[in-house]
Amino acid sequence: MKKEIAFAKGHATENDFIIIHDPDGTIDLTADEVTRLCDRRAGLGADGVLRVVRAGELGVQTPGVDPGWWFMDYRNADGSLAEMCGNGVRVFAHWLAAHQLVDTTDFTIGTRAGARSVTVLSADRDDAVVRVDMGPAAVTGISTCMIADQPFAGMGVDLGNPHLACVVPGLTPAALKNIALEAPVFDTAFFPRGVNVELVTELADGLDDPAIHMRVWERGVGETRSCGTGTVAAARAALADAGQAVGTVTVYVPGGAVEVGIREETSTLTGPSRIIATGTVRI
């Protein structure tokens, strides 16, 4: 028997999500149901599903997450569980603020990667700007991958989920657009849980507003218009490539632009969120 559930649709720099409000944890979404919801032809279409649930109702204790906090139960489009999604956190925080589910503009959200502090800089029911404390952008080493028989070397970066950020020497934004981005072949010993791969332009010297461009292939999804944790990984790798340990970088993705701050102890991601639709769906 099919079940009818309420949903909303939102995106952050065109990384789009289905939002399911389930504070008491009563909606049991299977991997197959998530896949069907995210199907862009036979379903609603999205890069993933954000289930809005109280951490204490999740049934699984996450270290550092208070049971009373709102928890972002995030699923990739293929139905797999994901530890973290930076763009998803922005949309999640926007949803909470727009529906008066929090009483302050600064609050903490639980994720499978741990607690994430957010600041809602502005919000109405349609649009918001949110800053997320993403935690340390931890470098895990150097690795390589193959994309369409072309080798790319990059920096492994852990943001609660794994990334391989490949800064490509001499790559221009125009040339980046023309790369035939497809599923990467990567070192499974280095990335046993799979990996998100970013192709990144170099950070130019002498800019008042340092910027990079990137494209991303997301684990469990494919190429997306944006990836929040991926922009942080890309900024970390681009700064390191330019001989810098810290800095603020504007990251341009196909879906727009975000601001990433890399600090000694943590990183931040600031960017827009938009809620575009609400409704009900039978699955």
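A Cβ is built for glycine as well, from the same backbone N, Cα and C atoms used for every other residue.
Remember, it's a predicted structure, so these values are computed and weren't measured experimentally.
If you check Swiss-Prot, you get these features:
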ACT_SITE  Cys85  active site, proton donor
ACT_SITE  Cys227  active site, proton acceptor
BINDING   Asn15, Asn76, Gly86, Asn87, Asn161, Asn196, Glu218, Arg219, Gly228, Thr229  substrate binding site
For the residue listed as 'active site, proton donor', list the number of other Cβ atoms lying within 10 Å of its Cβ atom.
30
Whole-Å Cα distance, Gly86 (substrate binding site) to the residue listed as 'active site, proton acceptor', is 7
Applying the rule Cβ within 8 Å of the centroid of the Cβ atoms of Asn15, Asn76, Gly86, Asn87, Asn161, Asn196, Glu218, Arg219, Gly228, Thr229, what extra residues of the same chain belong around the substrate site?
Ala82, Met84, Cys85, Gly88, Val216, Val221, Thr224, Cys227, Gly230
The record lists Asn15, Asn76, Gly86, Asn87, Asn161, Asn196, Glu218, Arg219, Gly228, Thr229 as binding substrate. What's the largest Cα to Cα distance among them, in Å, rounded to a whole number?
17
What does the structure give for the C-alpha distance between Glu218 (substrate binding site) and the residue listed as 'active site, proton donor'? Integer Å is fine.
11
Under a three-state reduction of DSSP output, how is Gly86 (substrate binding site) classified: helix, strand, or coil?
helix
The correct three-state DSSP answer for Gly228 (substrate binding site) is helix
Quick one: pull the CA-CA distance for Asn161 (substrate binding site) versus Cys227 (active site, proton acceptor), whole Å only.
12
Within 10 Å of the Cβ of Gly86 (substrate binding site), how many other Cβ atoms are there?
29
Whose Cβ, among the recorded positions Asn15, Asn161, Glu218, Cys227, Gly228, has more other Cβ atoms within 10 Å than any of the rest?
Cys227
